[in-house]
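Engineer: Before I ask anything, here is the structure I am working with.
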Amino acid sequence: MSGNPDAFENDPGFPFLGMSREAKAASAARPFDSKKNCWIPDPEDGFVAAEIQSTTGDQVTVVTVKGNQITVKKDQCQEMNPPKFDKTEDMANLTFLNEASVLGNLKDRYKDLMIYTYSGLFCVVINPYKRLPIYSESVIKHFMGKRRNEMPPHLFAVSDEAYRNMVQDKENQSMLITGESGAGKTENTKKVISYFAIVGATQAAAGGKKEEGKKGGTLEEQIVQTNPVLEAFGNAKTVRNNNSSRFGKFIRTHFSGSGKLAGGDIEHYLLEKSRVVRQAPGERCYHIFYQIMSGNDASLRGKLKLNNDITYYHFCSQAELTIEGMDDKEEMRLTQEAFDIMGFEDQETMDLYRSTAGIMHMGEMKFKQRPREEQAEPDGEEDALNAAAMLGINAEEFLKALTKPRVRVGTEWVNKGQNLEQVSWAVSGLAKAIYARMFKWIINRCNKTLDAKEIERKHFIGVLDIAGFEIFDLNSFEQLWINFVNERLQQFFNHHMFVLEQEEYKREGIAWTFIDFGLDLQACIELIEKPLGIISILDEECIVPKATDMTYAQKLLDQHLGKHPNFQKPKPPKGKQGDAHFAIVHYAGTVRYNANNFLEKNKDPLNDTAVALLKHSVDNNLMLDIWQDYQTQEEAAEAAKAGQSGGGKRGKSSSFATVSMIYRESLNNLMNMLYQTHPHFIRCIIPNEKKASGVIDSALVLNQLTCNGVLEGIRICRKGFPNRMLYPDFKHRYAILAADAAKDSDPKKASVGILDKIANDGNLTDEEFKIGETKIFFKAGVLAKLEDLRDEILSRIVTMFQSRIRSYLAKAEVRRRYEQQTGLLIVQRNVRAWCTLRTWEWFKLFGKVKPMLKAGKEQEAMGELAEKIQKLEEAVQRGEIARSQLETQVADLVEEKNALFLSLETEKANLADAEERNEKLNQLKATLESKLTDITGQLEDMQERHEDLTRQKKKTEQELSDTKKHVQDLELTLRKAEQEKQSRDHQIRSLQDEMANQDESVAKLNKEKKHQEESNRKLNEDLQSEEDKVNHLEKIRNKLEQQMDELEETIDREKRSRSDIEKSKRKVEGDLKVAQENIDEITKQKQDVENTLKRKEDDLHHASTKLAEEQALAAKLQRQIKELQARIAELEEELESERNSRQKADRTRNELQRELEEISERLEQQGGFSAAQLEANKKREAEIAKLRREKEEDALNHETAVSSLRKRQVDAVAELTEQLETLQKLKAKGDAERAKLQRDLEEAQHATDSEVRARQEVEKSYKTIEVQFSELQTKADEQSRQLQDFAALKNRLNNENGDLNRTLEEMDNQVNSLHRLKSTLQSQLDETRRNFEEESRERQALAATAKNLEHENEILREHLDEEAESKADLTRQISKLNAEIQQWKARFDSEGLNKLEEIEAAKKALQLKVQELSDTNEGLFAKIASQEKVRHKLMQDLDDAQSDVEKAAAQVAYYEKHRRQFEKIVEEWKKKTDDLASELDAAQRDNRQLSTDLFKAKTANDELAEYLDSTRRENKSLAQEVKDLTDQLGEGGRSVAELQKIVRRLEVEKEELQKALDEAEAALEAEEAKVLRAQIEVSQIRSEIEKRIQEKEEEFENTRRNHQRALESMQATLEAETKQKEEALRIKKKLESDINDLEIALDHANRANADAQKTIKKYMETVRELQVQIEEEQRQKDELREQFLASEKRNGILQAEKDELAQQAEAAERARRNAEADCIELREQNNDLSNQVSSLTGWRRKLEGELLAVHAELEELVTELKNAQEQGQKASADAARLAEELRQEQEHSMHIERIRKGLELQIKEMQIRLDDAENAALKGGKKIIAQLEARIRAIEQELDGEQRRHQDTEKNWRKAERRVKEVEFQVIEEKKNEERLTELVDKLQTKLKIFKRQVEEAEEVAASNLNKYKVLQAQFEQADERAEIAENALSKMRNKIRASASVIPPDGFPLAQSPSSALVRSASNARFL
């Protein structure tokens, strides 16, 4: 940086761009020994600096900077550059060029965040991962128009060089910003575009014209605002980059011939369409989706029908939803603002949003497969309706187009059914196509806006930003194309830097040895794009029938594996890597590619039927525009029928335009464009993978430097000649360096002469330049040296020219004064003579006669002069006309010359190309001639063979013709066979499907037939057996009559119980489902938790046994806190005494100040002072000096007191640290005890292994829960990251509370670990319960209870997690407040010299905070103790559950014993955590109180700052006054001049005051958002302004009235004032240092205030979230109410059913009276049936047999028997259903509904059959009654089970009600918090209004004072004018006196004969006449 301007070093961005002079000097002074200092390899840092100690052979012993002594080989050591090259700005200047030096230089610069470094001809930039102040407008102005060597490395320097090259060379430029993904390409692109926009606008402004954009803003604003639009729709989050450009863009900024901005355009490449529908883990979809959902526009989501949360929409919620550090709401606002500036219409913007929302709705469209059909159908139409509404099409037609698209079969169009997979692909493909075409439309729309047609476009500068090289765990089709494009760009760089450069040297005839840098990438490029390459084979596979991704991968392996060095077989995946099918060796590394979906992505098929709908969209014009150029197959067919030439093209050939073809064409166009421009390269580097600022991963950076060719670029830049100029250009620019040599007309000879002259002068050497055929070549930096020489000569010439002009002007002024002097002397002499002769009579006569003698002559002379003037004017006009004609001719000739020059240059370039081609042709000719000789010899041999072959040919030709015919026939046959094969395959598939369906039908029929045959056989056997039992039926009837009454009662009870059960089952179903899911999840987690248990169980036991010790320790800490509070009280008293002393000193100072002002007034009022008065003044000044010394001593004492306070505080912190160590020891003891518990758990684990094996089949169904578990795991990871953030924030707590907070955090971590342990243990117990559910109904009921408890625990755990998060937020806020307290304490310490009364208030506020934090800690520990009570309650509940389990089985009791031990501890900690959650509310209230106190402390410190500022201004004013008075005394008696100086001084002071007022007003406007301290600033500024203006007004009056007397009196006190001046200067310096400290503290306060504002915003977000939760709870309550109403309806239905059953009972009663005779026998039969009830299945079979026998014997009672059989079957089904409900609770409600319907049908049938039975035999009725009685007994058993379950359901309901009440209580508390925040906001707004009024009052006061001052200033100006008039009069009077004394009156007639005297005489004569 040879010419860095001094002004730039003061810019805030300079430290991040270059080194200061002092830093360079310090670096250069570092000791260095070139023979000893070196670099050696290091595994961590790449290379490390070392010093050679000794050398032995080829071994070198070195000592590294780390202090390690290492022996390495000599060839491993690399040279180190001298210290003067430290942090060098251009690595091409390094003395030793090696990897170690380059890496070391980049690391040193990056450590200071100097991210830009030149590397020869290009610039290297390292991503800083933070915002730097190096892109501001001030930095742009510094770089604008500067040469590269004048400024430090910067992107702007390269941009300005490109701009100057474009303007000077009239050549298009390009800037290639390349690098890997995440290296910062997009950000640098935005900065480059902004720079060109500003430069172009500045050029336009310099030309007097500013180009306005078409609609929304200026053209430069529109160019800049394209970035937000493109980023919103084209950027997304990837694993390596939060704002990765997922498309490439080439932005061309056009300029006019004069460099004015003339518009721009954009071309895009490789948009990643697949991201719209799929995102990998850790990534996100395009930003626009999340911006729309951010809620920036409250009404927008409603218009777009996006009423659900973002997680509902599958297309954009597959991975990440937010980005750290990015506010989607703010980004949405910027995007909308960019749309407005770009001139987008509102309808256009809304269509974009609607289309985007339509894609989101398309992702939620559900389809399902029809049973036994290859046809998909819609599964719900809500999302389809929304999508169609957004796209402007009909929903029904849209769904039909997706499920049954129209296809062409022969010559007809039919609807083809699609299966589920095909429909899903069609939806995804259509969504991708819509988004891609929409993005293309946005590009075209931006180009339309940027097209400034009124300005002619001459040249452009293009900026290329394309996706960087990507190597992911899973690389697909998109990564292949991105990496291929980067491969082409790297090849372009290598070709431009290394090949073209050296070829041009050879063309120009320069002696040069070709260097092969080994960077040719052509092999990899040909592997991908050449015929039979990867892309070619892919396109071929896309048109091959039945081709798949696997066949494509296999073809690649067969074609290239082992045959091409860049193609490899992929290695097995490691870690998270996905499967791969092939690998390619790129320049940046080997990439493994997965070939899945390659063919589908390359073909990118679309559903033509759906596209046809979109082409006719109704109310979305965007759809019409983007699909306008798309031609469907139907449209192509119609066009072909109509005879249009392009009709069939779309349907056939264009369908094979694959994505690869389109990409390849656009890439070739891009490369052609780049080859036609002059490129500038920006290489972006990723410093590390962790996105950490200031950290360099040496291996990663070295790999990128090697791949990018950085070292090779530096080498060729140093060895070669990177700069060159044509001979005419060189002569034109540098002729001034050798004017004589440049006179030659031949540009080449003139240029050589100029260079010889420069070389002879010693400014250049022959090695620094070379003479070519058409150009001169220079080494790097030579042109800069020539520019410096040129500037130096121009400076000398301009200086000499200026001196000549000044000399001429001075001489002309001397001549003018000499002539003036001569004329004045003559006039004076004539006047004196006239005064003497005016009374002489002859002179009077002469005066009368003289005019008459010369009047005629004068008239003639005047006439001649008029004629001459007229002739001269005509001649002048003719000359002007001729000159204008000549100027026109000259301009035409200049234009012709320029045109000829350009054509000459073009011809020269063409000539050079022709010569190059000629040379290549000559070489080719020589090669061909050598080949020709070889071929001639071969030809002779071949002729001989030809004769032999000719004979054979004739014989073979006949055979060949026959074979050809045969082959043609075979081909024709083969084609026909192929067509028939395809049609038959289709028919076979359809027939196979039909056969499969028919086979299924046949199988079913056979099965039914067998079943019927078996039933018939059984019926025949049962009929025979039942004939013997008919006699016994009458006996059973009598027994049934007695049981009929019981039946009626049982039915009533059953109906009531069923209604209750139906009501409760809906409620229980949700809990059961959640419990089942939790059980499944816990089972899946079991294996993972087993290892965790081994580490965590010791903590559990330790926590239970050591809780009492921790509570005792907490009490001890509380006592110590109280002791610290007592110490603080003592310190408070000491501060009070210090404050009193400070107040006393201030009062003394104020009194002395007033005395000093009174003395000054007396001095000005009195004319002089006596010696006694002067002596008194000296004494007073001595007293003032003494008081100042005392004041300084007081300040020192105060600092001593503050230091003692700090020391005491440090001691207290040390004690707390010791206590923390004690806690850690206790924790270690607990770890030992936990090991014992682990052994017990292992024994229990062995017992459960057998049960685990039995549940393996059940675990298969748990696979569906894995996704949920992964989500929970993700949440756990997020919580872990939150804990890490919490730990990082906790480290910033002050020393007073840090240890206590860490203790609380450890306890929280233990609580969390115990909860996780509890959940694990609970899962084991639940698994044990589920194993015994099948053994006993009681155990099943108990398991259901346990599931409910587990559900409750899960809800409580979620509540605990939410409260833990809120607690973490609160803790972070407390840490921020504590950090702010520390800052204010620091300011308190540094501002001890000012206002101790405000410090007193700040100290009290700090003490209050400490007291409140102590109380908070006491509350925490007290609430921990209170958790014990809740623990006992839960233990009792668990004991009850345990007793139930013990009744079930002894084995269950064994497991329950261990469970109780674990659950006691877990539930204890759970309740403790719940209390901690409630405690958070109190902590939040404490936090608000702390915030209030902090604001008070800020106010006090702001007052201190204002007071210091006023003191500084007073001291500055006094010092200036002393200086002015001293200067006045030194100048003596020049009183008037002194008055003027005083006036000017007062004006300066007035300007300072005005400036201070303006600054205060600006500060008030800027700090309106910081309302908490604005009031103090405004009031202080207003009082200071009034005070200062009043003082100055008094000073003005006193000064104007008494300035003469003050000057005389101050002469005697000059020595005393001199001493006072020195003292004032010393105080001034001290105050200035204090002011700097206060300004730093003020910046801290501003940042703290901004953090507080962020906290307020966060609270507002919390309030909104709570409102959402309230709405969700209300919705749940409504659902419960609806369920209750539904249960009541079911109860009514069952009541009606009961009435029907009562009627049935009456009918049965009538049958009972008819069968009374056989009652005894029926009773016996009933006893037998009762014994059979124990086995439900056997009882059911027997009952069926009896019913069938009765049916065969008594045809009249068939109906009643069938009815009884159905009732028996129903009873069995009911029993089976109840058992099934215990295993599968989610199907329970469906069973109830089916049972209800079945009962209704059965009751109707039974009523009919009972009526028939009255007319039948009596024996049949007895049988029916017996069956009913059996069914009653079964129902009674079922009823008992249902009653037990009903009781459990009621318990769960009561628990749910308790949870609802808890939630309602939380909602009330959150509402209270919201009301408090609202009140706070209202107060802040009121204060803001007050502040604004105060500002307006201050402005009015300032304006009135300013008017007063202007009046005084006018009076002073009048006095100055009067003084000047008096001085002029006095000087004239003195001159008259001197003139009258020196002139002697003449005695005669001494008139001088001169023109002047003649003129005087003529005037005299005229007067005489």
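Cβ coordinates come from backbone N, Cα and C, glycine included.
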Engineer: Of the ranges 350-364, 575-589, 770-784, which one does Swiss-Prot flag as region 'Actin-binding'?
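Structural biologist: Going through 350-364, 575-589, 770-784 one by one, Swiss-Prot gives region 'Actin-binding' for 770-784.
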Engineer: If you look at how Swiss-Prot annotates this chain, which of 1054-1073, 1134-1153 comes out as region 'Disordered'?
Structural biologist: 1134-1153
Engineer: Please give me the CB contact count at 10 A for Lys130 (N6,N6,N6-trimethyllysine), counting all chains in the structure.
Structural biologist: 10
Engineer: Could you tell me the C-alpha distance between Lys185 (ATP binding site) and Lys130 (N6,N6,N6-trimethyllysine) in angstrom, no decimals?
Structural biologist: 14
Engineer: Which bits of the chain, at least 6 residues beyond where the region 'Actin-binding' (770-784) starts or stops, bring a Cβ under 8 A of a Cβ in it?
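Structural biologist: Apart from its flanks, the region 'Actin-binding' (770-784) reaches 2, 92, 120-121, 147-149, 505, 507-511, 717-718, 721-727, 730, 751-752, 755, 764, 908, 912.
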Engineer: Between the Cα atoms of Lys130 (N6,N6,N6-trimethyllysine) and Gly179 (ATP binding site), what distance do you get, rounded to the nearest Å?
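Structural biologist: One finds 18 Å between the Cα atoms of these residues.
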Engineer: Taking the centroid of the Cβ atoms of Gly179, Glu180, Ser181, Gly182, Ala183, Gly184, Lys185, Thr186 (ATP site), which other same-chain residues have Cβ within 8 Å of it?
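Structural biologist: For the ATP site the neighbour list reads Asn127, Asn241, Ser244, Gly468, Cys684, Ile686.
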Engineer: Please report the DSSP secondary structure of Gly179 (ATP binding site), reduced to three states.
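Structural biologist: It is in a strand.
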Engineer: Of the residues in the domain 'Myosin N-terminal SH3-like' (33-82), how many are helix, strand and coil by DSSP?
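Structural biologist: Helix (H, G, I), strand (E, B), coil: 3 helix, 30 strand, 17 coil.
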Engineer: Pull the DSSP breakdown for the region 'Actin-binding' (770-784) and write it out as helix, strand, coil residue counts.
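Structural biologist: Summed by class, the stretch gives 3 helix, 6 strand, 6 coil.
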Engineer: Specify the secondary structure state of Gly184 (ATP binding site) as given by DSSP, simplified to three classes.
Structural biologist: coil
Engineer: Quickly jot the same-chain residues contacting the region 'Actin-binding' (667-689) by Cβ under 8 Å, restricted to those at least six beyond its ends, or write none.
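Structural biologist: Counting only partners 6 or more residues beyond its ends, the region 'Actin-binding' (667-689) has Cβ contacts under 8 Å with 106, 110, 119, 121-127, 129, 155, 158, 161-162, 165, 169, 171-180, 182-185, 188, 240, 250, 267, 269, 462, 464, 468, 484-485, 488, 492-493, 496-497, 695-697, 700-701, 704-705, 708, 710.
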Engineer: Can you tell me how many other Cβ atoms are located within 10 Å of the Cβ belonging to Gly182 (ATP binding site)?
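Structural biologist: The Cβ of Gly182 (ATP binding site) has 22 Cβ neighbours within 10 Å.
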Engineer: Give me the long-range Cβ neighbours of Thr186 (ATP binding site): same chain, 6+ apart, Cβ under 8 Å, in sequence order.
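Structural biologist: Sequence-distant Cβ neighbours: Glu231, Asn235, Asn243, Ser244, Ser245, Asp465.
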Engineer: Can you tell me how many other Cβ atoms are located within 10 Å of the Cβ belonging to Ser181 (ATP binding site)?
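Structural biologist: For Ser181 (ATP binding site), the 10 Å Cβ neighbour count is 23.
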Engineer: Could you check what DSSP calls Lys130 (N6,N6,N6-trimethyllysine) once collapsed to helix, strand or coil?
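Structural biologist: Lys130 (N6,N6,N6-trimethyllysine) sits in coil per DSSP, no helix or strand.
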Engineer: As a quick check of your reading of DSSP, tell me how many residues in the region 'Actin-binding' (667-689) are helical, how many are strand and how many are coil.
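Structural biologist: Breakdown, helix to coil: 9 helix, 8 strand, 6 coil.
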Engineer: So how many of the residues in the domain 'IQ' (794-823) end up helix, strand or coil by DSSP?
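Structural biologist: Counting residues per DSSP class in the domain 'IQ' (794-823), I get 30 helix, 0 strand, 0 coil.
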Engineer: Inside 10 Å of the Cβ of Ala183 (ATP binding site), count up the other Cβ atoms and send me the figure.
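Structural biologist: Other Cβ atoms found within 10 Å: 24.
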Engineer: In this predicted model, what is the average pLDDT of the domain 'IQ' (794-823)?
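Structural biologist: Mean pLDDT across the domain 'IQ' (794-823) comes out at 92.
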